Amino acid sequence: MHGHNRNGQAHVPRRKRRNRFVKKNGQCNVYFANLSNKSQRYMADIFTTCVDTRWRYMLMLFSAAFLVSWLFFGLLFWCIAFFHGDLEASPSVPAAGAPGGNGGAAPAAPKPCIMHVNGFLGAFLFSVETQTTIGYGFRCVTEECPLAVIAVVVQSIVGCVIDSFMIGTIMAKMARPKKRAQTLLFSHHAVISVRDGKLCLMWRVGNLRKSHIVEAHVRAQLIKPYMTQEGEYLPLDQRDLNVGYDIGLDRIFLVSPIIIVHEIDEDSPLYGMGKEELESEDFEIVVILEGMVEATAMTTQARSSYLASEILWGHRFEPVVFEEKSHYKVDYSRFHKTYEVAGTPCCSARELQESKITVLPAPPPPRSAFCYENELALMSQEEEEMEEEAAAAAAVAAGLGLEAGPKEEAGIIRMLEFGSHLDLERMQGTLPLDNISYRRESAI
């Protein structure tokens, strides 16, 4: 039997845990080794590789791509200017009429391929200005070298390709619904208890955002080692747990937290498992919640898992939804809390069915262990009745011109109750007797 600590959490007996196949945060605990041509396969799907990689690596990759393209075309422009002779220092020709001049016209300087490029730094700056379309207007390509014109066109195309790829990758990485799963919540424990006379496995899911998950549906699989009849060992044999596929109960309207129910019947892998077997079993139940994000219409998936040690036998979840005057309130402080249910059978569902045991309602427990749903319902009903009586007393007091204090309201309430009893007696005196009773009296 599991006890409770001060925080309301159930104590789980310690025993050796198996390695999780799916972690509680949804990550798969799988490592791939000895993959042939891994780099080539990942580079063949470079877009998915960039989307799946971390932000820092992606930004480093695109920064390196820009820098390499600038350096490459800067070197290309420098080579064009070098072989055209634009980098050679032109001799200083004295102006006409200057001392030592011949008074004649100065020889015309050859027209360069790229204006104002006198070294590699100038060529690199021209490459950056061309690819980023800054357009300072100081350096430009002339008609002297067609090769330089072709290089400018090619660099413009390459720059557009890099920009488009970077923007598309960043947008796809930001819009993917992977982070939406962080606001979908699974309970820390699953429970097994009786519901409608049958043993059921239950866990709770919740949505922390007000935006809905469209077409939300759940799935569950039990994973455990399995030995076939031929002696083949399957370390991770997967078997489905029916959560209402046939009748549509797997599709949920996830506005408030919902308890997912798996009925342990003949087709369930848990059919022959009782409380003692559960404590010694080695399995993992993977639960999956899928749906479309309302804002982007993209499919998201949230995952979690429960080991055998995280399933509480004979427990139920505390309620989290409370009806108030104008709305419903969801208290997420109770989301993971459970309470023990007296009278839950410890046998398996098979034994329960074979022995034809009828699960009778347990005798009323003490106030401290009273069912939370019934207690809250009674408290809510009593509060509503008290509010109605107080409103009626205030109305009567206002009609009589009295100040309705606490004592006056109590007296008026007693008067109303006494008056209702008198009215009931008067009505009973004026009502005619039943004809059937007349005939029976005459027969007597």
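Backbone N, Cα and C define each Cβ position, glycine as well.
Annotation comment: Swiss-Prot describes 1-55, 170-444 as topological domain 'Cytoplasmic', evidence class similarity to another entry. The transmembrane segment annotation in Swiss-Prot covers 56-80, 148-169, and the record cites similarity to another entry as its basis. Here Swiss-Prot flags 120-131, 132-138 as intramembrane segment. What Swiss-Prot lists as motif 'Selectivity filter' is 133-138, and the listing cites similarity to another entry.
Residues 47, 50-51, 58, 62, 65-66, 69, 73, 76-77, 80, 113-114, 127, 130-133, 141-142 of the same chain lie 6 or more positions beyond the ends of the transmembrane segment (148-169) yet place their CB under 8 Å from a CB of it. Counting residue by residue with DSSP, the motif 'Selectivity filter' (133-138) contains 0 helix, 0 strand, 6 coil.
The average pLDDT computed for the topological domain 'Cytoplasmic' (170-444) is 78.
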